[in-house]
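Participant: This structure is in structure tokens; I'll ask about it shortly.
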């Protein structure tokens, strides 16, 4: 399975094309729209979420609610484009109109300046439009298709926030993936500890009042993963490496860890390695899950536990200093719409990206022209592993 996304933040629409999805997978626009709605939620979201109400249109690859095995095309209209038709016109316009909403003052922390240098733009809006987090709309749409596929083979994906700015959420131990999903869904800030809800919301309110932004750490957990996805035979076949690349590709993500993660650098080997157990009922299992579900770049049957760190949103209502690319004079950076935090939405994006990487790996390992063929292959593999 592979996919491409296209579209600009203020363009007419966003598009994704997905190739390699098995025939016979039940898929509806309503299912995808429910995931898109999750991305637009969360405490602290700003004006654009009131403007946009994302609705997907499926224009190929699905007939009568079932995938057909061909490329699936997904489109989401940008309702905000109505105000930007001349500014974002694909056709040539006169010089006066070209100058409308021109950006020459790059914002620190964004792709504006480096994009202008790389692609030789004199209007940094060209960098802003494609590098915008608006693109993650289609990552979530693609991820919805991936999650729909994973559901069919008993794989469940959930995400929640474990650190909000400088505040660590005290996460209860031994929550199942289903419990994490349920608790996070009930929280406006996507946390699984309701005792911290009001504290976090008050913190976000204060950050907004200060004209600042915060980042944090998001954890995605995946249960029911078949053993042996990924491989140790080449560096680029290791599944944890593929997931790491996917997570860090999300706007504003700066780091990733699995299981105990960077804490492993402070612990002894005897405290980190997961002891192997066996029972007639369950086959091989692990006593702990410090390695986050991976050994040798392969899934080991334990839940996948991956965390990504998101930097604060770089657009500030108290803008930092920058330099105009035309005059080279210092200036306060251009202010675009911004939120004090996008952590809950970013959690949905991360969850979607991880699901997409996993679905791609599942389809690479197992026969999958048709959904029933895939389900049969996965079931036979699970039985073999259990009896190993």
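Just so you know, glycine gets a Cβ as well, placed from its N, Cα and C.
Swiss-Prot feature annotations, pasted as is:
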{"type": "BINDING", "residues": "39, 45", "note": "NADP(+) binding site"}
{"type": "BINDING", "residues": "130, 131, 132, 251, 252, 296, 311, 312, 313, 314, 315, 337", "note": "FMN binding site"}
Participant: Do you know offhand how many angstrom separate residue 39 (NADP(+) binding site) and residue 252 (FMN binding site) by C-alpha?
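Facilitator: For residue 39 (NADP(+) binding site) versus residue 252 (FMN binding site), the Cα atoms are 16 Å apart.
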Participant: Comparing the binding-site residues 39, 45, 130, 311, which residue's C-beta has the most other C-beta atoms within 10 angstroms in this structure?
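Facilitator: Selected residue: 39.
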Participant: Once near-sequence residues are set aside, which residues in the chain of residue 252 (FMN binding site), 6 or more away, have Cβ atoms under 8 Å from its Cβ?
Facilitator: 133, 215, 310, 311, 312, 313, 314, 342, 346
Participant: Distance between residue 130 (FMN binding site) and residue 45 (NADP(+) binding site) at the Cα atoms, whole Å?
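Facilitator: With the alpha carbons as reference points, the distance is 21 Å.
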